[in-house]
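Here is what Swiss-Prot records for this protein:
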DOMAIN    16-51  domain 'EF-hand 1'
BINDING   D29, D31, D33, D40  Ca(2+) binding site
DOMAIN    85-120  domain 'EF-hand 2'
Amino acid sequence: MADKAASGVLTKLPQKQIQEMKEAFSMIDVDRDGFVSKEDIKAISEQLGRAPDDKELTAMLKEAPGPLNFTMFLSIFSDKLSGTDSEETIRNAFAMFDEQETKKLNIEYIKDLLENMGDNFNKDEMRMTFKEAPVEGGKFDYVKFTAMIKGSGEEEA
């Protein structure tokens, strides 16, 4: 039953949103095994400046009826993407790679991460993801990008 619900999400979500979720999943899947584990969530949370305890981590993963692969991740978190703070969450995921706090990342670095982490993006997926992305001078503006994919039209947080 969970598999049916999870696969149904793929037909309901816009392709852009699925691509963004794939990118988020890849960033969270720290050990690159195709599944988000308690250790992955702990590592990403610590990088974002928050250290949840084991009880919190267990509660986060409890929503999944089994191992949290990409399809299950989509099923559980896609509803949260339409909420008011989802854009902030996406920006924060990008921001963890933005050591200079410029709100821009080297596009080649982002592409390298997506090609070599978790759900390795192929060339077509990469082209689709960045087709209309705000890139200027080799810098990817993740604030504009998240506003664009979320449809908020806002360029600043």
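Backbone N, Cα and C atoms are what each Cβ position is placed from, and that goes for glycine too.
The sparsest Cβ neighbourhood within 10 Å, among the listed binding-site residues (D29, D33, D40), is found at D33.
Per-class residue totals from DSSP over the domain 'EF-hand 2' (85-120), listed helix then strand then coil: 20 helix, 3 strand, 13 coil. Other Cβ atoms within 10 Å of the Cβ of D31 (Ca(2+) binding site), summed over all protein chains shown, number 13. On the 0 to 100 pLDDT scale, the domain 'EF-hand 1' (16-51) averages 80 in this prediction. In the three-state DSSP scheme, D33 (Ca(2+) binding site) is classed as coil.
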